[in-house]
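Peer 1: Structure in structure tokens, see below.
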Amino acid sequence: MTKEFHHVTVLLHETIDMLDVKPDGIYVDATLGGAGHSEYLLSKLSEKGHLYAFDQDQNAIDNAQKRLAPYIEKGMVTFIKDNFRHLQARLRETGVQEIDGICYDLGVSSPQLDQRERGFSYKKDAPLDMRMNQDASLTAYEVVNNYDYHDLVRIFFKYGEDKFSKQIARKIEQAREVKPIETTTELAEIIKLVKPAKELKKKGHPAKQIFQAIRIEVNDELGAADESIQQAMDMLALDGRISVITFHSLEDRLTKQLFKEASTVEVPKGLPFIPDDLKPKMELVSRKPILPSAEELEANNRSHSAKLRVVRKIHK
């Protein structure tokens, strides 16, 4: 049975407007989710334009088929159920060699967080899962119960940036010797036991960073984003654009670095001109990230950490 996807789209107009949509163009929504960005983008296309929408969650696609029905009837939408790390291969399978723009809304979607049984949330008791693609084999349960101490410390530091990573990994080791850690609540309670009283008084849930780290590991989120954004830059037509929304420092750092590398070039001093093969491919559309408006922040609590970065293709 398909579950409803209740999702408030973050930075909706900014993300799509910054793509400078060409009515007859070919566009990609790399993270379909609740289909808010897709719907707004489609409203800017003529019937000659086309949108390719990626999501690895069948539930998202099922719901988007209802929301986007008027555009589907006109043959303007193609859904691709896959991880966006396969962007280039899947688009080429359909005959697409170039795209005019693409948007990314990175991280976990609100409906996935809100569906208790998906096991993403530390606020709701559920089996440890955290798979965005429910056909994937690696689950949060596997990570928590089967990764050794050193691997747990590595992902907690790298993806959660939690200063208590070693202590939490040790406590998990001790707990699972007694019995497997099976639920989100069990894991959250173990994390709470490690955190000092002053940490527990701080704003935000004490398990937030560790849950983020496990989720990123289960879905290889940063690896997938890195591969996909690089493929997107290769596939962009001249003057095409990429919009990327991030929600935490790791995603933003990755996006910022990829865009910086593609938009700058180091050449020896004294060269009278820059050879074509050394010219940067991309140009930053905005030097600083675009942030949600005060109105959006008030209306949607989940938009607080959102940042939007945009680049434009200026050279093949």
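Yeah, the Cβs are placed from backbone N, Cα and C, and that goes for glycine too.
Reproduced below are the annotations present in Swiss-Prot:
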type: BINDING; residues: A35, G36, H37, D55, F84, D105, Q112; note: S-adenosyl-L-methionine binding site
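Any idea what these are sitting next to in the structure?
Peer 2: Note on Q112 (S-adenosyl-L-methionine binding site): other Cβ atoms within 10 Å of its Cβ, all shown chains, come to 22.
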Peer 1: If you count other C-beta atoms within 10 angstroms, which of the binding-site residues A35, G36 is the most crowded?
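Peer 2: Its Cβ has the most other Cβ atoms within 10 Å: A35.
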Peer 1: Measure the Cβ-based neighbour count of D55 (S-adenosyl-L-methionine binding site), defined as the other Cβ atoms within 10 Å of its Cβ.
Peer 2: 27
Peer 1: Using CB atoms and a 10 A radius, I'd like the single residue among the binding-site residues H37, F84, D105 with the highest neighbour count.
Peer 2: H37
